[in-house]
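What follows is a short report on a single structure.
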Amino acid sequence: MNTMALFGKVILLQFLIGVGFCMLMQDPKRNDTKSTYATCFRSQPQGNEPASPDCVKAFMAYAEDMKNIFHFTKEQINYLWSLERETQSLFHNHRRRKRQAVFLPVRKECRLLSEFERQNLFYTIRSLKMDTSNPNEYDTLANLHRGAVQPHAHDGSNFLGWHRVYLMYYERALRRIRGDVTLCFWDTTMDFNLGMDNWEYTAVFSSDFFGNRRGQVITGPFRDWPLPPGLTESDYLYRNMTRGRGMPFDSRAASSIFYNPNTIIHSTVTWEGFGFDTITNSQGQTRNITIEGEHNNVHNWVGGAMEFLDPAPQDPVFFFHHCYIDYVWERFREKMRRYFRDPTTDYPGHGNETLHDANYPMIGFEWFRNIDGYSDYFIQNVYRYESPTCQACYYSPYTVCGQGNQCIARMNYPGTEIEEGPQVPNSPVVAFSVAGGTMLMSAFNGRGFIATSNSE
């Protein structure tokens, strides 16, 4: 069988798997069970009081879902349940307290962390991954982002809330190792402002930060990072930063999201919404500004494992990137409040009409409803963000204060020796084609991320 025929069969099989999964997820009886599970988890009996038969049935159905959809073992399901119990206790305490927490962990830009803070965080992430206990906790959390979540947590309104909850679980897992760690965010507008010719020389892809930008990652805290068998063609974490393929988060898009008074409801910044602001690049190509679309560009820019849905969270850069996406969303929510809009109730419902419905239980976090991801609970009781300032950037060895009081990344200067790892073959499933400056999805399951524009 020739290569093209084989590829066609792979794409057809992936499409059929995706359709079958959607049919399973939208089964009315299953949805009733999921709703019961969410209700039961919110009102679990205290002490030795037995759960109701309906709740026992719902818990068993949830465990079966996690086994069938994510292929989790009993140990992995129990681990995730333990994280759910921790987050549930946080929510119960929040309801009793009903006051905003005074001292919250602060998520900062990664380059503005102190040396101690950065090394502490990176070491903790490595410890989570390299732990040899059963199950591997990092891999279990990464597997929550496998192909099954595609129609539920991407391409629609639930993208923002689902990933906010996902980050919270990841951060809770890290704090089990070191209670004083807090995630940082990677503000790629700082790298965008270097100019396209210099993007690949950003100093975050060095041994002090994320490691090398191309090939197998052999430098930095995430070097020699094993990938689960069969996930990619590589046994270890790899990247493939290539000019003209993806881009950092456009600082013009960020400015529009933060300040444009014409985009003050979620529909104007979410996938499949309306009323978008636009950007026109130097080739005259125009694209809509959405948070998810700009996010996709960064996945393509980093490349390698980050470029595909299933292995993306295996690169720790995934979580720093998504922490920035969450920061961008919170800045947008602040703008909404300035214009007397309530971000907790403004749920647009774009995307798959069932899976992105406001009251549909979140896949993987099924005691949350989708709209719960839009709650103010997180920013009031779990963490807060600290915006980069020129004063802080001035004192960091990794940033400078540029024109217009904008923080700009420092570079590994062109022409200097930048270590690169062994090259890794492309994934056997081709996920993109390029037409007119736009990357188009050509596979449903195991897909890559759509880039709204690959040229500037």
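Using the three backbone atoms N, Cα and C, a Cβ is placed for every residue, glycine included.
Feature annotations, reproduced from Swiss-Prot:
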- 1-22: signal peptide (SIGNAL)
- H145, H154, H163: Cu cation A binding site (BINDING)
- H295, H299, H322: Cu cation B binding site (BINDING)
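Swiss-Prot feature annotations superimposed on the structure.
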residue	record	contacts (Cβ under 8 Å, 6+ apart)
H145	Cu cation A binding site	A153, Y166, L309, D310, A312, P313
H154	Cu cation A binding site	W271, E292, L309
H163	Cu cation A binding site	A153, H322, I325, D326
Legend entry - Neighbour tally for H299 (Cu cation B binding site), based on other Cβ positions within 10 Å of its Cβ: 24
Inset, instruction - Enter the number of other CB atoms within 10 angstroms of the CB of H322 (Cu cation B binding site). - result: 23
Legend entry - Secondary structure at H299 (Cu cation B binding site), reduced by DSSP to three states: helix
Legend entry - Cu cation A site, defined by H145, H154, H163: further same-chain residues with Cβ within 8 Å of the Cβ centre: V149, A153, F159, W162, Y166, L309, H322
Inset, instruction - Run through the Cβ atoms and count how many others sit within 10 Å of the one on H295 (Cu cation B binding site). - result: 23
